[in-house]
């Protein structure tokens with residue numbers, strides 16, 4: 001690896017090396033707050049470097065891109081890590097998260113996500129994906145006092161290993177069929193279709209299965225609700241946004257330029273999207289626990305993202321990226337509020353715990369309501385424009401059926417997104433005073449609120465940015 | 001025309017009011033005053049709009065700014081005679097809504113903030129001529145109403161609020177698909193991707209036209225509401241607080257009719273022309289069914305809610321008749337219905353505050369105990385029934401004339417509907433005002449000065465609309481003529497321009 005390539009990798013290096021440093025310091029000087037703060041600073045620094053230092057080479061070792069697209073996601077996931085760390089201050093204190101390890105793991109996760117989003121080869125894809133899922137296994141189970149957390153970690157581990165198996169096998173088959181790991185060469189080989197189409201198709205199917213597990217598309221979604229519920233709220237925030245968004249970002253890179261060469265995949269993707277929309281929606285409807293509801297609804301959101309991806313073309317890819325950003329903001333915001341509500345021994349998760357919170361904690365409850373409305377896609381929230389893009393792309397590409405299904409899912413989704421709002425504001429009040437929340441948590445909620453509102457009424461800056469980075 | 005951005009100001013003022021109410025949420029009195037001041041200023045602005053002359057293309061005021069260039073969406077606000085009247089009605093009724101909620105004790109700041117936010121949404125719906133912007137406002141007015149019903153309603157408020165939200169959203173989401181479909185069609189044909197109403201009118205929809213039209217109409221008909229999409233209305237009305245019912249009946253229902261006039265008919269004239277008989281049938285069914293349901297209700301508020309379904313049936317018949325008098329009558333009737341039914345809802349809320357009931361079986365003898373209240377109630381009930389000289393008569397009369405001109409049978413049936421209106425209105429008045437009170441107790445107090453002040457302007461407008469409707473018809477002549485000219489097939493169905 002040349003010096004230029006190392007320089008191009010600098011933001012990820014800051015995250016990874018910084019995290020290692022924090023781990024060492026944590027071993028000798030286990031003070032939670034300063035270490036968390038250093039983690040936030042490192043993540044922000046990585047984001048700043050990714051934005052300010054132009055990469056000297058377009059690609060790193062033929063594995064990761066260093067172009068604007070890769071940089072955009074490096075910034076996004078670094079900021080996500082910073083937000084998650086800011087959320088973890090009081091929450092981590094109450095649950096005695098290990099001082100050094102926790103921020104280290106979050107930063108590692110961000111580095112892994114950044115690498116995954118930037119992957120330009122199947123090896124890069126594997127490295128990126130594994131480097132952050134490995135971290136997530138630990139993060140999910142980091143609250144050692146919680147039996148649910150341990151169980152969730154174990155579940156995610158087992159599912160993750162299966163997915164890795166599929167991924168490795170799929171990569172091997174695609175390599176066997178095309179003779180390369182590098183995306184552009186794979187595409188070129190596909191165009192030639194030199195007698196190994198069946199092998200390659202099997203490889204793609206395995207790859208898609210692994211990805212289905214990672215982003216919890218139906219029917220690979222069964223782990224999602226348990227893991228979401230069991231993981232600590234800030235970790236769930238990371239899990240539900242970054243880990244899925246990074247995979248989709250990689251998918252956009254992977255499938256870009258594939259054109260009609262994999263037309264046989266389209267029905268499969270269509271079915272995955274449709275099933276995710278339907279099953280996610282109807283399962284979310286039945287939940288009494290807000291984290292489980294968000295878990296199932298995330299399956300629906302992945303269905304929307306896949307719909308946009310299917311629509312392909314510039315509009316489709318633009319819709320995917322827009323959706324990921326907006327979904328990340330709203331989801332982090334929602335989990336941010338849940339984190340802020342959580343106190344020692346009680347994390348209000350069931351709807352009955354939220355009763356009347358709208359009057360005891362009007363600002364945070366209103367924020368949660370706003371995030372839920374954004375996830376539901378009601379104007380003037382950013383979620384509306386994001387869904388609009390998806391439907392726009394789907395109709396443009398001729399997927400009217402999928403668009404109609406999306407509309408129906410959207411309508412039903414309203415019911416489960418409104419339920420917490422109803423419980424908070426419309427149900428009879430209950431005397432429940434939770435902690436006032438820390439400044440870090442409030443800052444995260446404000447940032448997400450700002451994004452969810454601004455992108456709803458004035459999305460132009462994000463469109464412009466996406467226009468610049470689109471591969 | 002003025003260079004001052006009147007229309008933008010009209011939308012920003014309520015938002016400012018919302019922000020102020022939330023900011024000073026601990027000072028209930030201040031919030032009330034802010035709400036009143038803001039609504040009065042908005043009313044002032046909307047009256048000022050009457051002083052501007054209309055251009056040849058019908059627009060009195062128009063403003064357009066960049067919004068989302070990537071999608072071709074612009075922040076286009078335009079006002080013609082039709083929107084002018086509805087904007088004025090909105091501004092006027094919102095002042096009344098604030099006045100009749102003066103006693104609001106439960107979370108007053110949040111209440112007024114929502115009221116103002118809804119005003120912004122409704123004004124936006126009447127002013128936006130960019131379809132994406134219109135949709136934004138269209139959905140935006142739902143959220144405050146959802147909370148108004150859900151938090152300040154009584155009885156099965158959560159059920160009613162959710163039903164209201166889901167019903168109206170179901171329609172509008174299909175409308176969204178139709179909007180995107182039209183946008184893509186237009187873009188493919190011209191290369192210019194735009195949501196501007198004027199541009200989209202030129203789109204050749206081909207075989208898709210009936211589908212797109214149906215998408216739009218479903219959204220609007222649910223809001224109107226036309227049978228069989230009406231079931232959300234009685235529930236929502238019955239439980240909503242006074243200001244909520246006033247806004248629902250006076251304004252929200254009008255957005256549906258407005259949408260048909262402004263968007264559905266001009267965008268898809270051929271499909272619209274083909275649908276007129278169906279619309280007329282639905283309208284007539286609604287007229288009779290609503291009246292019948294109103295007649296059998298015991299709850300006064302529910303009775304008035306069903307009477308709205310009936311009145312809106314007459315309005316829809318006016319649209320379906322598609323000629324100048326019928327359309328002008330329909331729009332006039334919207335205004336009249338807004339004023340009279342709004343007043344009746346306000347009165348019923350006052351009644352409930354005094355008597356603790358809205359049940360006709362437990363009311364009676366009000367004339368003796370609360371004469372001022374009874375006078376107002378009788379006055380608005382008679383106006384709602386369509387007594388000549390009072391508001392509804394002028395609108396209904398024009399609709400009947402127009403309907404007779406198109407299909408005499410429609411007109412004849414609609415006139416017969418008035419008998420039904422008389423039946424339920426008289427039953428309501430008889431049950432509440434006359435006779436003896438079934439239960440003894442302390443006398444019911446009469447209206448307070450503030451309540452009289454809130455109702456007096458409504459009386460004035462009821463008389464004005466009934467005695468000299470030309471004031472309100474004058475701004476309509478040009479827009480209605482333009483609408484019928486542009487939507488030529490609509491007129492062709494009925495044998496040319498009258």
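The backbone N, Cα and C atoms fix where each Cβ goes, and this holds for glycine too.
Residues or ranges marked as domain 'NADH:quinone oxidoreductase/Mrp antiporter transmembrane' in TrEMBL: A:119-412. Feature annotation from TrEMBL assigns transmembrane segment to A:6-28, A:35-57, A:69-87, A:99-116, A:122-142, A:154-177, A:197-223, A:235-258, A:264-285, A:294-313, A:319-344, A:398-418 (among others).
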Distant-in-sequence neighbours of the transmembrane segment (A:154-177), which means Cβ under 8 A and at least six residues beyond its ends: 122-123, 125-126, 129-130, 133, 136-137, 140-141, 186, 189, 196-197, 199-200, 202-211, 213-214, 220, 223, 226-227, 230
Beyond the flanks of the transmembrane segment (A:294-313) by at least 6 residues, Cβ under 8 Å: 215-218, 221, 224-225, 227-229, 236, 240, 244, 248, 251-252, 255, 266, 269-270, 272-277, 279-281, 283-284, 287, 319-320, 323-324, 327, 331, 334-335, 375, 387, 389-390, 393-394, 396-397, 399, 402-403, 406, 409, 413, 416-417
The transmembrane segment (A:69-87) in contact with the transmembrane segment (A:319-344), cutoff 8 A, at least 3 CB pairs, sep 6+: yes
Beyond the flanks of the transmembrane segment (A:6-28) by at least 6 residues, Cβ under 8 Å: 35, 38-39, 42-43, 45-47, 49-50, 53, 55-57, 60, 64, 66, 71, 74-75, 78, 81, 98-101, 103-105, 107-108, 110-111, 114-115
Contacting positions for the transmembrane segment (A:398-418) when only residues 6+ beyond its ends and CB under 8 Å are counted: 270, 273-274, 277-278, 280-282, 284-285, 287, 293, 297, 300, 303-304, 307, 310-311, 372-373, 375-378, 387, 390-391
